[in-house]
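What Swiss-Prot annotates here:
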| type | residues | note |
| --- | --- | --- |
| BINDING | G23, A24, G25, G26, N27, G110, T111, G112, E141, R145, D189 | GTP binding site |
| COMPBIAS | 404-413 | compositional bias 'Low complexity' |
| COMPBIAS | 418-428 | compositional bias 'Basic and acidic residues' |
| COMPBIAS | 464-486 | compositional bias 'Low complexity' |
| COMPBIAS | 500-510 | compositional bias 'Low complexity' |
| REGION | 404-428 | region 'Disordered' |
| REGION | 462-562 | region 'Disordered' |
Amino acid sequence: MLNFLPGNPQDLKPKITVIGVGGAGGNAVNNMIASRLEGVEFIVANTDAQAINQSRTERRVQLGTTVAQGLGAGSRPEIGRAAAEESLEEVIGQIAGANMVFITAGMGGGTGSGAAPVIARAARDHGILTVGVVTKPFHFEGAHRMRTAEGAIEELSQYVDTLIIIPNQNLFRVATERTTFADAFKMADDVLYSGVRGVTDLMIMPGLINLDFADIRTVMSEMGKAMMGTGEAEGDKRAIEAAEAAISNPLLDDTSMKGAKGVLINITGGMDMTLFEVDEAANRIRDEVDPEANIIFGSTFDEKLNGKMRVSVVATGIASEAAAQPKPTVVSLNTPQAQPQPRVAAGGTAGAGFRPAVVTAQAAPAAAVAVAQAQPQMEARTVAQPAPQPAHQPVVTAQVRVQPAAARPAQQPMAETFRPDPQLRLDPVLERPVPATTSLQADFRADPDMGHLSQAVSHIAETAQAAPQPQRQPEIQRQQAPQPQRQPEPEARRSGGLFGLLRRPAAAQPAPQPQRHEPAPMAQQPRQEPARMGNMATRSEPSVARAGEDLDIPAFLRRQAN
């Protein structure tokens, strides 16, 4: 007894449908129709009525007649989503009965970004194997459009079994200066064309190793991110060259076949294709994927390819491997937290406002602090010189030696810190004489030009009566009370000569410190310094305020002039 299959045997063939959503999807469908791809049905769905009328397919769906009114989505994904929801029943009627659906769209706009996820969800809910092939915008289209595209791709990936992403920016990898704008987009559409043709050839074209649709579903069902590639070559090394061209598609989203879990390989050639060439091409692709990957291989013949070989590859399950690799890169970001801790420990003894000053002051030696406190002559000279003033005066006022910058705003603590301890730090003076004070006085008295000295004496005699400046004397007496110890210096000069002061600056200071407190003779020193304007112009101006300290110098100069 014979059993006949009911119906037409043609109805049992797998049905593959390509639906283009939006303007970019409609253009891809038109290019595939122009390439005369067989065994595939084409559908276009758009909110723009004008774009639908230019389509080459007769199966058209006007999305959102009420929402968009045939005017498009205006680059607003929410309008495209609402339009697809409104016309979803009509879309389902068009794709009913299909075993596999390729949804192609351009991400970043309104219709493709909003309607493609809705259509993919409906197709997958009806048990249809759904593959998404989408493009990303160029860089010159702006960051806003790129963010819209990335959000739409993330949403679309939840409703498709396999997703293939083609960035338009990668067209510059294959385009030249003479490549037209239309030809560049046709290159992107060829990725979709080669992927669909690789699947249909396995099921339609005759061959020694044919595959059924169940094998394709096994490789592509719920595999996530995928890549498609096709390579064609001729010559002695056509097998290797075609395989390498298929696995290195420059237009895809920087994907690699490393770690792919499912691989579909289709090798097509003429009747002159040898077994060695098929083995060589298949092994080249197998070396790139996971050793445990599910590889489905098929080979067909095409009389038009005599002397050539074409290798088509669909690698799926790439997203799961790529997501596992970036995990170790998140671990080395907590080390900089230990940097502020040493700063707090270094300045813990001082106040919060003086922490930077304490850190810099710790490098100064303790002997320098003792020398600065035991020499009132140097204090008077440092006040006259504005440069070293912030370096010595704060150290004298601070007995703790930790906060040298705390005494900068006021000079009154200088007299308070000097009273209880006037002579305890005189020993370091014998060890470290200050050359700055002696060199200043030596340069001042070793001038051989006696004409300048006589002019200075006459000038001081005239100006001593005109400008006594009594208002500054109590300030100097209050701030620098122990400074009268410099008065015995003229006695040392009388006994030891002009250069005796250079040799004994420290020995003459400690004996007569508490004896004399005369502010009047100290007011004559500013008269001597303005007399010598050639070398001491910068030092004479601030020393006028210390007139009570420098009156002994003109008396000495008068005796030298006589």
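Any Cβ shown, glycine's included, is placed from N, Cα and C.
Shown here: features listed in Swiss-Prot, placed on the structure.
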residue: G23; record: GTP binding site; DSSP class: helix
residue: T111; record: GTP binding site; DSSP class: helix
residue: E141; record: GTP binding site; DSSP class: helix
residue: D189; record: GTP binding site; DSSP class: helix
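A simple way to gauge crowding: the CB of G23 (GTP binding site) has 22 other CB atoms within 10 angstroms, across all the protein chains here.
Within the group of binding-site residues (E141, D189), the Cβ with the highest number of other Cβ atoms inside 10 Å belongs to D189. Cβ neighbour count for G25 (GTP binding site): 30 (other Cβ atoms within 10 Å of its Cβ, all protein chains included).
In the structure shown, the C-beta of T111 has more C-beta neighbours within 10 angstroms than that of any other entry among the binding-site residues N27, T111.
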